[in-house]
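Feature annotation from TrEMBL assigns transmembrane segment to 27-46, 58-75, 87-108, 113-131, 143-166, 213-231, 266-283, 295-317, 367-389.
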Amino acid sequence: MDSLFAFTLIFIVYALGDAVATKTKGVISMMLFAFVFYLIGFWTFLPSTALQDSGFTAVSNALVCLLMVHIGTTIKLRDFVEQWKTVVIALIACAGVCFGICLIATLFIDRGYALVGGPILSGAIVAALIMQEAAQAIGREDLVVFASVILVVQNFIGIPIASLCLKSEAKRLKALITGGDLDRTVENGAAQNKSALCIIPPIPAKYLSGNVIIAKLAIVSVISTVIANATDGKLNKLVVCLVLGVLLKEIGFLEESSITKANGSVFVMAAAPIAAFIGLVNATPQMLLGQLAPLAVVVVIGLICLAVSSVVVGKLFHYSWQMSTALGTSALFGFPTTYILANEIACSVGENEAEQNYLRSKLQPHMVIAGIVTVSISSVIFAGIVANWL
């Protein structure tokens, strides 16, 4: 396929996916739409090299590193301190799903399917990329496809469950407001002031171009890769990218939300998932049918582990089962969907602006932090661990 045609096709698919996601209020995500399109496309009319021909594949792996460093720059340590109970619930839920599947599912299905399924169901695209790379290294193309299948399915499962739990929690909070038993004081957001750890003076605005910001992200990505290579791959480079992104933003070397400030988010986000889509090239209908059984086992065990771990830990912290389950379910789709869902539920349950603002203040901070913890942090770490077991 001509490179320009392939490039254009990618963005047409993304554009249509965005429209569908908007129309369905996130029930069908852009990623879900793209996965289904490419899956059917490779079965029917798309050449197997359609994605490679775009030129994105050559830089996809590098841009994933930049993206992970960028995600690190969006994380404020203060947020995690103020929402520590939410962080603990999200971490334990993510760990429960990941390692519960890895340990229990091996009793019923092939060990490879269990090890690939655990980190991805408890995470998202980055965890999938890590596990797909590990599967390719051992020549298991069926596991590469299985990783993509889980990515498609988890949105269908996670978003409806989270929506129901958040709606139930919002109604519970609203009833407390009506009964006068709840303090309506809205929680204050995390402070936006400069980090106390900042020791590097900022670059003057006139010199802080997009190229400078991207160059710094690339430097950190290279350093992360060197560190990961020094451990013989035992420490995943994407985990190192994330950690260094957080720390170097706190001390002032990196800008907050770096890629956004460099106006590079569109192309980075477009290129980053390409590697996952390419895994669908070898996905035949027969292979997918053969994966229905392991998929069902992974999903059922994962949901049971999620519910048990979330509710039990939530009880210890005096969280309602609705809220704790919603926090755990964020592992299946992550931020920014967590933010969008909380806002939609607050608007639909609240009868006036005051109630909507109150519900938003009670739901959004928890869901945003949970989404970041599960998908951007813990799932990457857990995937890095499990990838070594494959």
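Here the Cβ of each residue, glycine as well, is placed from N, Cα and C on the backbone.
With Cβ pairs under 8 Å as the measure, the transmembrane segment (58-75) is packed most heavily against 213-231, out of 27-46, 113-131, 143-166, 213-231, 295-317. Contacts between the transmembrane segment (367-389) and the transmembrane segment (27-46): absent, as fewer than 3 C-beta pairs lie under 8 angstroms at sequence separation of six or more. Same-chain residues lying 6+ beyond the ends of the transmembrane segment (213-231) with a Cβ under 8 Å from its Cβ atoms: 62, 65-66, 69-70, 237-241, 244-245, 248, 253-255, 258-259, 261-262, 264. Under the criterion of 3 or more C-beta pairs below 8 Å, with sequence separation of 6 or more, the transmembrane segment (27-46) and the transmembrane segment (295-317) do not qualify as touching, having fewer than 3 such pairs.
The transmembrane segment (143-166) makes no contact with the transmembrane segment (87-108): fewer than 3 of their CB pairs lie within 8 A, with pairs spaced 6 or more apart in sequence.
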